[in-house]
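Enquirer: I grabbed these lines from TrEMBL:
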| type | residues | note |
| --- | --- | --- |
| DOMAIN | B:92-308 | domain 'ABC transmembrane type-1' |
| TRANSMEM | B:34-54 | transmembrane segment |
| TRANSMEM | B:87-117 | transmembrane segment |
| TRANSMEM | B:129-150 | transmembrane segment |
| TRANSMEM | B:182-204 | transmembrane segment |
| TRANSMEM | B:231-250 | transmembrane segment |
| TRANSMEM | B:289-310 | transmembrane segment |
Amino acid sequence: MASVTIEGVRKSYGSVEVLHGVDVAIDEGEFVVLVGPSGCGKSTLLRMLAGLEHITSGQIRIGERVVNDLAPKERDIAMVFQNYALYPHLTVAENMGFSLMLAGAKRAAIAEKVRPAAEILGLAHLLDRYPRMLSGGQRQRVAMGRAIVRDPQVFLFDEPLSNLDAKLRVTMRSEIKNLHQRLKTTTVYVTHDQIEAMTMADKIVVMHDGIVEQIGAPLELYDRPDNLFVAGFIGSPAMNMIPGTLEEGGFRAKDGTLLPVTRRGSARPGQALIYGLRPELMTAGGDVPLVVEVTEPTGAETHVVGKLGGVEITGVFRDRIDVASGGTMTVGIDPSGVHLFDEASGKRVSD
Amino acid sequence: MMPGPDQARNARDAAPARARRGLWSRLSESQNGLGFLFMLPAAIFLLFFLTYPLGLGVWLGFTDTRIGREGVFIGLENYLWLFDDPVFWLTVFNTVFYTTIASVAKFGLGLWLALILNRHLPFKNFFRAIILLPWVVPTVLSAMAFWWIFDSQFSIISWSLMKMGLIDQPINFLGDPWTARWSVIAANVWRGIPFVAISLLAGLQTIPQSLNEAAAIDGATPWQRFRKVTLPLLTPIIAVVMTFSVLFTFTDFQLIYVLTRGGPVNATHLMATLSFQRAIPGGQLGEGAAIAVAMIPFLLAAILFSFFGLQRRKWQQGQD
Ligand SMILES: Nc1ncnc2c1ncn2[C@@H]1O[C@H](COP(=O)(O)OP(=O)(O)OP(=O)(O)O)[C@@H](O)[C@H]1O
Ligand SMILES: [Mg+2]
């Protein structure tokens, strides 16, 4: 176990800079998820941590050691690749014991390490198979097994679940989480799926276009997003964003609807703002009109897509809603959960 | 309606009608028949251009045919004659030596080139194109170039070595038996490398980069990465490429024919050149054919070795 410190890290490919100075501090034993849209530089950052990409500038430390110029094998990390990168010519057992074999360990010593790891992952009966004879989920487990056998300071995962079907993904998600709780190894996990990030992380790092937008615990990010990007990225269905301005009586949307506000923060009257409203903060029956376009009952709750304050929004209601498309319903808004953002800078202004 | 005599008569009429419709329409209506029809041109082509000459060659080997005279079946006489012919055995030795040394060299140098070209190099595409050149040039042309390079008076190699003061008289490349053997091998290697290098390069590019990265993280040195990951994954392709390379080399004719015609004193005579020499200029078609047929066991052995020894890997085929 070790802490990981990333300080002012930049990465350029030729003249194109793809990471513009990233700072992340990861505590010992923490499970940190790097999340962001495709192309934001998550994999690049992870690969720099692993030693597979040169660090253009800045510093990465694992524990107390600066690893900028260390080869991957000297960093004491293990990585699980998106395509698993299993050696096709080696059996499951040989795949898992490969690093020990390279280090010159005895056959018996290798088996002694591989067996418990295989048992943790439920692979004990597959040890003699070749990767091509395994299912996607099993391959994924072998890749994790290979990492566990190394017993490294830090685990690195690059979108390990993205090749699995939805159901298996949920299972593997909790398996990885369990594994982390057992081993307590510092883990950096890359995904573009915010649900994975929310459910697995101790700490989430939201990245966007080569910068870090916000770092925090999952619910911290949900309850107090620093900017419009994080607000829109975390949460599903996404936060509704209604443009308008602040007045004495509340928030005046572009189409004239008045919405309730309590936490005004530093917002000034007349400032162009975005009113951020989580879908579940609306209740049926109130004084704000919502023109219904589609209702999607899921049983436990009803999703309503419609127009509110002149823009398309989504609402999630606990009640069963029966309004025809084109009809109008009224909703109540709990103002304590409302976020205000500056429209120009995207920064949070409410407190 | 009762099943009456009408129906019976209809059935009776139908049978001859079907037969009368002829082979052609029946073939073109059944799926198997149609498949057979479509395969027919290819089958005839193969039969005519591959099997027929091979069969004719094997047959000729059992006769005493000469140019301009029909032969008669003489059984194994040609082979018994060859068995006692020291020149024949010399060519067997030459061919095996030529093939072994040249193939090993082509493999080593070809793999080395492929590994270099597989890395990120400046002007990579330029080098990849350059490397194909020896293969694109017609053999006769490159053999003539080598003829000059190996010339006993004007060889550029002798000239350079003499200028450097390493030797004091030109090397008689093609005049001395052993230098001649090594010289033709060098020419063959030069010509054969592109095929090996480019094929192995294609094989290398099918190995995912992430496997090398995983190995690097697992602590493999570059040599271990090559030895434990790249090489095993490349083996099936190496097997195919080297089988072809061995077959081409074993049956080589043009290069020898232009460079040495088998000389000096048969030192570079290969089975293929000897076969030609006995059959065409020598007129002994039967004996020439027998020499050619004698190559077949060697070629089969090479193919079987590659197929069973190298190509079929457990991790590819599965073992259940
Ligand atoms: N070898 C390279 N040369 C040039 N640009 C690169 C290279 N590798 C990555 N990039 C660029 O760097 C940026 C970040 O890439 P990266 O692979 O880190 O994205 P990502 O966040 O992992 O995305 P995804 O979720 O799709 O995997 C992208 O814009 C990409 O085009
Ligand atoms: Mg990625």
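Glycine is no exception: its Cβ is also placed from the backbone N, Cα and C atoms.
Unlike curated records, TrEMBL annotations are generated automatically.
Map these features onto the structure and tell me what's around them.
Expert: Using a Cβ-Cβ cut-off under 8 Å and counting only residues 6 or more beyond its ends in the same chain, the transmembrane segment (B:34-54) has close neighbours at 27-28.
Panel annotation: around the transmembrane segment (B:129-150), residues 113, 117, 156-157, 173-174, 183, 187, 190-191, 193-195, 197-198, 254-255, 258-259 of the same chain, lying at least six beyond its termini, place a Cβ under 8 Å from a Cβ of the stretch.
Within the chain, the transmembrane segment (B:182-204) has long-range Cβ neighbours (under 8 A, six or more residues past its boundaries) at 98, 101-102, 105-107, 109-111, 113-115, 117-118, 128, 131-135, 139, 142-143, 146, 150, 173-174, 230, 234, 237-238, 240-242, 244-245, 248-249, 252, 255-256, 259-260, 268.
With a threshold of 8 Å between CB atoms, the same-chain residues lying at least 6 positions outside the transmembrane segment (B:231-250) that come near it are 95, 98-99, 102-103, 106-107, 110-111, 188, 192, 195-196, 199-200, 202-204, 206-207, 211, 271, 295, 298-299, 302-303, 306-307, 309-311, 313, 316.
Sequence-distant contacts of the transmembrane segment (B:289-310), counting only residues of its own chain at least 6 positions beyond either end whose CB sits under 8 Å from a CB of the stretch, comprise 57-61, 65, 78-79, 82, 88, 91-92, 95-96, 235-236, 238-240, 242-243, 246-247, 250-251, 271-272, 274-275, 278-279.
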Enquirer: Going along the chain, which residues at least six beyond the ends of the transmembrane segment (B:87-117) come within the CB cut-off of under 8 Å?
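Expert: Distant contacts of the transmembrane segment (B:87-117): 124, 127-128, 131, 181, 184-185, 188-189, 192-193, 195-198, 200-201, 203-204, 226, 230, 238, 241-242, 245-246, 249-250, 252, 266-274, 291, 294-295, 298.
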